[in-house]
Amino acid sequence: MGNYFNTLNLRQQLDQLGRCRFMEREEFADGVNFLKGKKIVIIGCGAQGLNQGLNMRDSGLDIAYALRPEAIEEKRASFQRASENGFVVGAYQQLIPTADLVINLTPDKQHSKVVADVMPLIKQGAALGYSHGLNIVEVGEKIRQDITVVMVAPKCPGTEVREEFKRGFGVPTLIAVHPENDPKGEGLAIAKAWAAATGGHRAGVLESSFVAEVKSDLMGEQTILCGMLQAGSLVCYDKLIADGKDPAYAGKLIQYGWETITEALKQGGITLMMDRLSNSAKLRAFSLSEQIKEKLDFLFKKHMDDIISGEFSRVMMEDWANGDANLLKWREQTGKTAFENAPKGENIKISEQEYFDHGVLMVAMVKAGVELAFDTMVETGIYEESAYYESLHELPLIANTIARKRLYEMNVVISDTAEYGNYLFANVAAPILAKEIIPTLKRGDLGESTPATEIDNILLRDVNDAIRQHPIELIGQELRGYMTDMKRISSQG
């Protein structure tokens, strides 16, 4: 096996990267009918596995879970989750041969072993599903030619897939068919029915490709979604402590600040987030964001280049083979940081507006990171719709995990692949921010309100125009029109 993307010629690579079509709601008029009466077996019962399965069952589909024998014998967490929710659970040999659609929702690093174990058991002409294409694109897994290979990738953690479905809604979703494995031409019909069963069609579905999903997903999670939040949390907390702020206050401002700030981002993009600031603070946040972009532009491009070339996956898979030595080392180091061990501050009251007023630097980091990630993806050939979902859209969902249990929770919820990429980015970004940005800060940038200053109307007009006319704001306004039912995400109520 070898990296699938690297076997394609340039024309094919550009074609796959540029696959992105926003599907009309009418295209889902048949709902789940294509999969009605067919046996669907999910491998793995983690967050995505369980919650997708619950939604699909509630949509009228026949769902069972295939687990490894030891998971069943030892009654591990995956077995307990599936059993307690009333699903049929069995070993691979028992369930896989009966399945019309096998969905592999195990962690990325297990995919090759899982596919090797189950492919001989999959019946002729059945389908194999993924929710992330790393195994196909980066590992280069070759699937039997009679098997249809599809992907349905909800753009949020598994818990949110379930919560939005229970509200009668769904989460934005990417679907794709692997061009090397669509022998009967049924791949798109399978993917559409699967997406409808999870509720994704109610929030907007992009018809994409395995390649575009993988390359954009890796870029988003490494940079703005996880890496920037981790680097920003560590640097901002250390700055607050250096300025003599109460550790409990500093910890709470950072822990809940990302969530509060990005809630505005979710509802109205960067424009609304910046509008939550006073005019003086907005001008300062804009200036800081431009400084941050200048200092981190090379790092965003390096991550994108390493993702496109396959270098990132090569290095990560070397770490897999080495027992996750680097991943575990970086995870341990994160657990020992000052921010992670800050007092909880349960008795400290911070109003919603105070998170903005005292978090101007954090707002600037969000703006810079979102725009850099989006721009870098688009420059690489990824369509704006995909770049939006993999940067701005998912950010409030990840910020919500930090609000629950800080960086520990974020790194538990995201995949090992995302966690590894997060550390690669944050370990470089944090020292740059500490050296190049923190010394330039002024009173009111972090931990206290920006002093009121005389406002130049022309400057304010130009800054507002620059914010609102950025391409991510234009495509975001269009895509958010499909998500008018979005609920507020908040750990604080």
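Cβ coordinates come from backbone N, Cα and C, glycine included.
With GLU390, GLU394 listed by Swiss-Prot as binding Mg(2+) 2, the candidate from ASP217, ASP238, ASP243, ASP246 annotated for that site turns out to be ASP217. Take the NADP(+) site that Swiss-Prot assigns to CYS45, GLY46, ALA47, GLN48, ARG68, ARG76, SER78, ASP108, LYS109, GLN110: the candidate from GLY158, GLY168, GLY170 listed for it is GLY158. Residues CYS45, GLY46, ALA47, GLN48, ARG68, ARG76, SER78, ASP108, LYS109, GLN110, GLY158, recorded as contacting NADP(+), have a largest CA-CA distance of 21 Å. Within 10 Å of the C-beta atom of ARG68 (NADP(+) binding site) sit 20 other C-beta atoms, taking all shown protein chains into account. Counting every protein chain shown, the number of other Cβ atoms lying within 10 Å of the Cβ of ALA47 (NADP(+) binding site) is 19. When the CA atoms are compared, the recorded positions lying within 10 A of ASP217 (Mg(2+) 2 binding site) are HIS132, out of the candidates SER78, LYS109, HIS132, GLY158, SER415. When the Cα atoms are compared, SER415 (substrate binding site) and GLU221 (Mg(2+) 1 binding site) turn out to be 10 Å apart. Cβ neighbours within 10 Å of GLY158 (NADP(+) binding site), excluding its own Cβ and spanning all shown chains: 22.
For the pair GLU390 (Mg(2+) 2 binding site) and GLU221 (Mg(2+) 1 binding site), the C-alpha distance works out to 7 angstrom.
Highlighted in sequence order, LYS155, SER216, MET219, GLY220, GLU221, LEU225, TYR389, SER391, HIS393 have their Cβ within 8 Å of the centre of the Cβ atoms of ASP217, GLU390, GLU394, the residues recorded for Mg(2+) 2, and are not part of that set.
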